[in-house]
Amino acid sequence: MNIPPEKMHNLEIKKHSRVDLLLLRSSDFHSFRKLQRDVDEMGLLSSTEQHLSGILTTLDNITDQDNTLYCLTQEGELIGMLKIGTKRLYLYNGKDLHCRSCACLLDFYIQRNFRKRGLGLELFNFMLKDKAISPSRLCYDNPSYKLQSFLKKHFSPCALIKQPNNFVIFAEYFGEPEMGPFGQ
């Protein structure tokens, strides 16, 4: 998975839904296994960097939990990923507790040697456009300091509010009209 940073061409973002992955597994098992190895390895890197005891992202949990995975590849090699899904959460707005189905960013990782090149922002913006959602309408699952800094840098001004369930939301989350998890 080590691609020299100076070779920054042939970048591609691929979206993998549960249905896409099940179809790939049944139609091209070799490609499925390669993707599975790459995603599982990157999921381990992401969890290790966040000092988590378990792995957040594997191809199995994408299909089991009906999440969506966005993969950033260069010349067929995985260099970044972003996992989103819908969760039923209790969110506190400062006065009341609200239970709702929420669009959530569950994992986001770019290989170390590809950071600080705008690739994370490109991947993040691709997901926002694909899901027709704004960053302030997402709930962020226990975001690392790096992710919080990323959000503040690229989507400023933003005040992030920690929730009792370890999710974080933008201060304006409750100020926007409520709709389905992904703008539906």
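The backbone N, Cα and C atoms fix where each Cβ goes, and this holds for glycine too.
Record features, source Swiss-Prot:
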BINDING   108-121, 144-153  acetyl-CoA binding site
DOMAIN    1-174  domain 'N-acetyltransferase'
SITE      Q50  site 'Crucial for catalytic activity'
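Within 10 Å of the C-beta of Q111 (acetyl-CoA binding site) we count 20 further C-beta atoms, all protein chains included.
Every protein chain shown contributes to the tally, and the Cβ of Q50 (site 'Crucial for catalytic activity') ends up with 16 other Cβ atoms within 10 Å. With Q50 (site 'Crucial for catalytic activity') as the anchor, the candidate binding-site residues are F114, R117, Y145, Q148, and the one with the nearest CA is Y145. Taking Cβ-Cβ distances under 8 Å and a sequence gap of 6 or more within the same chain, the neighbours of Q148 (acetyl-CoA binding site) are L160, V168. Residue density at F108 (acetyl-CoA binding site): 25 other Cβ atoms are found within 10 A of its Cβ, drawing on all protein chains shown. Under the DSSP three-state reduction, Q50 (site 'Crucial for catalytic activity') is assigned to coil, being neither helix nor strand.
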